[in-house]
Amino acid sequence: MSELAQFIPDFLFAAESYTCPHCLLFFQLFIVALSFVYFSKALIGTYMKSSITQIERRFELSSSHVGLVDGSFEMGNLLFIAVVSHFGAKLHRPRLIAAGCSLMAVGAFLTGMIHFFMGRYTYDTVIQGFQNDSVNIAACADPEKTLACVGDSGSYMWIYVFMGNALRGIGETPVTPLGISYIDDFAKAENSPFYIACLQTITLLGPIFGFLLGSYCAKLYVDIGYVDMESLTITPRDARWVGAWWMGFLVSSALLLMSSIPFWFLPRSLAKQEEDADRPSPAGEASEQADDAVVNSHNFKLSEVAKGFFPSLKRLLGTPAYFLLLCGSILKFNSIMGLFTFKAKYMEQQFGQSASRANFLIGVLNLPVVAVGIFLGGVLMKRYKLSVVSGAQLFFASSFLAYLLQLLQFGMKCDNIPVAGLTISYNGKSCTVPDVLLFTAFTASKCIGCSCSAEEWDPVCSDSGITYVSPCMAGCLSSSGHGKNTVFHNCSCVSSSFPPGNSTSVRLGQCPHAKDCSSSFTSYMVISVLSSLVDSLGVTPGYMVIIRCISPELKPLALGIQTLATRTLGGIPAPVYFGALIDLTCLKWSVKRCGGRGACRIYDSNMYRIIFLGLITCLTGSSYFFIIAVIVLLRRQFKKPQQETETPQPKASNDIELKTSNPIECEANNPKTPTQKDRESRVEV
């Protein structure tokens, strides 16, 4: 084991050579610490996604509303990402990362602690616990008996979830742009893509554990330890079930706080590598200038640095390849955010999976293959020394192939669960329009001679596979059993809808999907895993195209602007409009105590599938127009220097590597062609 432990750091860092005796140790520590930060922030981010359904039900929110809460993370990023990315490169980057981690820990802690300031969770049910084996139930609503409107203590507590998520977004602003630029500045250029690929691969362990943690917490009842679990009449598959969503936020807060500790002790910069001692790299020159201006100057003012912000921003956005790739990334990120936010919910509604099982499958199947794909993408970059154009082509090819696989998911479906009055009529025929209001006043009165409340959702399942909204809607007169095992008898609506001889009893809970639904779900997961693997192969090449197609001193700003743009135009609106369109497919809404619409109880699964998958494919397909334009532009940009150097040195520009491409050649507004000496000073074979 000791030999293996020694081999791993040697394998990862043997290629690095520093004049400072402690610089290699500091660099190793930075890589390990940054990996743990990426793991922790990815864990809390994906845990938030996995808890969307639980938060939606606990706070009685619609999908669009909970999408807004989820988007508060990106809103926090929006406030500071550009400023931190620009000024952070000239300040102490490790300490800024440490401060950001501490702020993320505070945000996660605030979100989790909200649970302890709310009352106990209550759900609507006609069963309040039976002491006898057989009792009569008041199936009909008593018009003279009305429940008092008691304000729910948690009505507006979702605002604190919003605030905690926003704090977490603010805290994450320095991590990616400053962390990646720190690695790229002090590692050999040929190894930088490999380190970033390893970092992203380790990062994906965070989402895996985040979804697994979400799966575990979703199985635990929200008020576990405070209620008698035997008295519950709902299961994790019920639309009213709320898991222990708060628990994962407290765990994540502790991890984020621990991850901040090493960065307080890391140096602001590292000495240059031995082979670069006589020939500083462009990144090294930029770093030295920043050191001289910030560290050695006692008269440093932020206003002096601010003067260069807008010229740098103009220069960055004036690079056509970067701007077009940014536009494509925004559209692609919209589809990713919509898929990532509501995929577990889609699996619940389309295939009848519980939130716990959906999160578990995403964590153990989808995300590991994404980690493998990202790692293989980095290996391909290093093994074949792909150029800028080749990297962009690999990014497009892998993404488009995954897109074709995703189109197959339209055919993998499960029919709507037959619910009397919602998806089928009381005579067993299909309904094109929900008629819950009609059967509330008419059909149910025919069955049992009274009116049922349209606000109830306490589903029961008959032996014929038909679900009824409540025992009242089924016309039941008596019940037996206790808790989840309650059975209702003498259900007149059941007997009037089917031939004599069938059982008139119903059991508590919603009927399951048809048996053939399991095969459709298996096919869906196979295609989902394959598309995730193929799509992830292009992540590292696409990432390196962005940071290698601009000048080295613009790298932190380029990463910051990309994060700002994608999260502003993708991370914030995508969950909201995805959620709003999903809300259009809702068939039955819950009603809050004092009135008002709560969370959705059941969706039209066919419309859900068409809207959800259709929106994803439209956004992804639109992004390819920009990516194709980037490839064409890059081919033209690298064609000219190739022709100019073909006579004196035929192979000079044909093999320009992505990891060392001349940033000046990527700028369309700079016609100056570098000399052969300049290229040799930047290209490392």
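The backbone N, Cα and C atoms fix where each Cβ goes, and this holds for glycine too.
Note that TrEMBL annotation is computational and uncurated.
Taken from TrEMBL, the feature transmembrane segment applies to 25-44, 96-118, 194-222, 242-266, 321-340, 360-381, 388-408, 610-634. According to TrEMBL, the domain 'Major facilitator superfamily (MFS) profile' annotation covers 30-640. What TrEMBL lists as domain 'Kazal-like' is 441-495. Annotation source TrEMBL lists region 'Disordered' at 641-685. Annotation source TrEMBL lists compositional bias 'Basic and acidic residues' at 675-685.
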*Paired segments the transmembrane segment (242-266) and the transmembrane segment (96-118) in contact, 3+ CB pairs under 8 A*: yes
*Rank 25-44, 194-222, 388-408, 610-634 by Cβ pairs under 8 Å to the transmembrane segment (321-340) and hand me the top one.*
610-634
*In the same chain, who gets a Cβ under 8 Å from the transmembrane segment (388-408) while lying at least 6 residues past its ends?*
332, 377, 380-381, 527, 530-532, 534-539, 541-542, 544-545, 548-549, 613, 616-617, 620-621, 624, 627-628, 630-631, 634-635, 638, 656, 658, 661, 666
*How does the model score the domain 'Major facilitator superfamily (MFS) profile' (30-640) in terms of mean pLDDT?*
80
